[in-house]
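Inspection log for the structure reproduced underneath, given as C-alpha cells.
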Amino acid sequence: MTIEEEVLKRIKPSKEDEEKLRERAQIILDRLKGYNAEIEGSFRKGTWLKGDTDIDIFVFFPKSVGKEYLREKALKELIERFRDLNYKIAYAEHPYLIVYVDDVEIDVVPALSIESGEEAITAADRTPFHTKYVISHLDEKGRDEVRLLKRFLKGIGVYGAEIKVKGFSGYVTELLIIYYGSFKEVLRNASKFRPPVRIELVRPKKEFDSPLIVPDPVDPKRNASSAVSLKSLATFALASKIYLEKPSMEFFFPSKPGRQTIKGDILLVKVKIEESTVEDIIWGQVWRNVEKLKTLISHEGYRVIDISAWGDAENITIGIQLESKSIGEYYLNVGPYFYLHNVKNFIEENENVWIGEDGRLYSIKRRRYTVEEIIKRNLSFKQKFTYELQWLTEEVDDPWINLFLRKTPSWLK
C-alpha cells in the first residue's frame, strides 16, 4: 500500500459517516421549510474529510432585499426556527448561526439569490456557483485527490484562508486538482513555483498582485487565492519538492515536537481578549502587533531571532525570541556627516557629541525602553484585553511553544 493509499484510507469518510451527517443536516432543513435552503460546502461537493463534523446550509433570500436585510432581519427570522436548539451567533461578512445537533456543527448562512457569481453582493452569494462548478468538474477519483491535497496542506500548516493562517482555502484546493488533474501533478508543479504563480482555469477580468493568482471561474474579477501569503506558497512549494523526493506520513500527520532546548531569551506575551469578536478581526490585529513589536524592539537595539503568534480568537500568545535580553544600558548613536544641514540639530539634541575619523558626528545615548516596556507602551487591540508577560526559564510540554522553539517542521528533516 502506498502512502497516498494509506492516507486516503484514514481520511475518506465511510457511508455511515456520510449518513450520520446527512441525518443531522435534514433536521435543520426540516426546520427551514418555506425557505430556499441548500446544503453547500465540502460535504455537498464530496470533498470533506473523515472527522470533519461541520456542515454548511445556506438560506437564500431575494437579491432585492439587499445586504442590510441579511445583517438584521434575516438572522432574526432564522433564530426563530432554532430557539429550542443549542445555537450561537457567529460573524463573517454578515452574521450567521452555528446550530449544534448532537456532536455536529451546522452553519446556517443567509445569502442573496443571484443569477451568476459575478453578481455577488456578499462573498456567501457565490457559494452555490462554487459548489456547482466543483461538482461538474470532479469525479469520484478527483474528489479523493482533493482529500489527499487537503490533508497534505493541513499537515504542513497552510490549509485555511483565514487571516490567522493565510493559506489555501478548500475551494482553491479543489481548483488546483481540477487544473492539474491529480494530487501528484499538483505537487510536481508546485515544486517548481516561482511567484507570482498564475493558474488560470478562466481568463481573469482584472489584474491581480498576489504571490498566487487563481482567477475564480465563477467570478473572474476575483482572485480566489488572494489569501495565500508568500510564506504559505513557499512552504507548499518546498514541502512538495521534498515529498516527491522522499514521501513520508509526516507531511500528512506531523508528529508533535518534544521538549526543546531554549536558545536565546524567550518572552511570551499572553493576551486574553475580553470581548467576543470575529477571529479574522482579532488575527488581523495580532499580525499587525507582531510586525510593530518586531520593528520597535529591533529599533531599540535588541536582536530579534524570531517572533510569531498562536492561539484562537480569545487567547493568543505572541512568542518573541531574542539573541539576548541583556544588552548595554548605553549605545552608540550615529549622526550625520559634518557638512550636512542637520548637524546643528544633532548637536543640540545629544550629549557627549564627537567627530569621528570618518567625518560623521556621534554621541552616546541611553536606551529608552526595555522589551517589557516596549510591549506595555505599544501592544494594542480595539477590543478590551488583558495580558501578562512571561520569560521562559525552563523547558515545557506545550506543543505550540516547542514548535516555536524547534522552528523546523517535522517533514523538513
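Even glycines carry a Cβ here, placed using N, Cα and C.
Swiss-Prot lists Ser42, Lys45, His130, Lys150, Tyr159 with the feature CTP binding site, giving sequence analysis as the kind of evidence. For the recorded site, His130 (CTP binding site), the DSSP three-state label reads helix. Residue density at His130 (CTP binding site): 23 other Cβ atoms are found within 10 A of its Cβ, drawing on all protein chains shown.
Annotation for Lys150 (CTP binding site): spatial neighbours Thr47, Leu49, Tyr159, Gly170, Thr173, criterion Cβ-Cβ under 8 Å with sequence separation of six or more. The ATP binding site annotation in Swiss-Prot covers Ser42, Lys45, His130, Lys150, Tyr159.
Residues annotated as Mg(2+) binding site in Swiss-Prot, with sequence analysis given as evidence: Asp54, Asp56, Asp107. Sequence-distant neighbours of Asp56 (Mg(2+) binding site) (same chain, 6+ residues apart, CB-CB distance under 8 A): Ile39, Glu40, Gly41, Phe43, Arg44, Ile106, Asp107, Val109, Thr127.
Annotation for the binding-site residues Asp54, Asp107: lowest Cβ count within 10 Å of the residue's own Cβ, Asp54. Asp56 (Mg(2+) binding site) falls within a strand when secondary structure is assigned with DSSP. The Cβ neighbour count for Ser42 (CTP binding site), using a 10 Å radius over every protein chain in view, is 23. Cβ contacts within 10 Å of Lys45 (CTP binding site), excluding its own Cβ and spanning all protein chains shown: 21. Residues Gly41, Ile55, Ile57, Ile98, Glu105, Ile106, Val109 surround the recorded Mg(2+) site, their Cβ atoms falling within 8 Å of the Cβ centroid of Asp54, Asp56, Asp107, which are themselves excluded.
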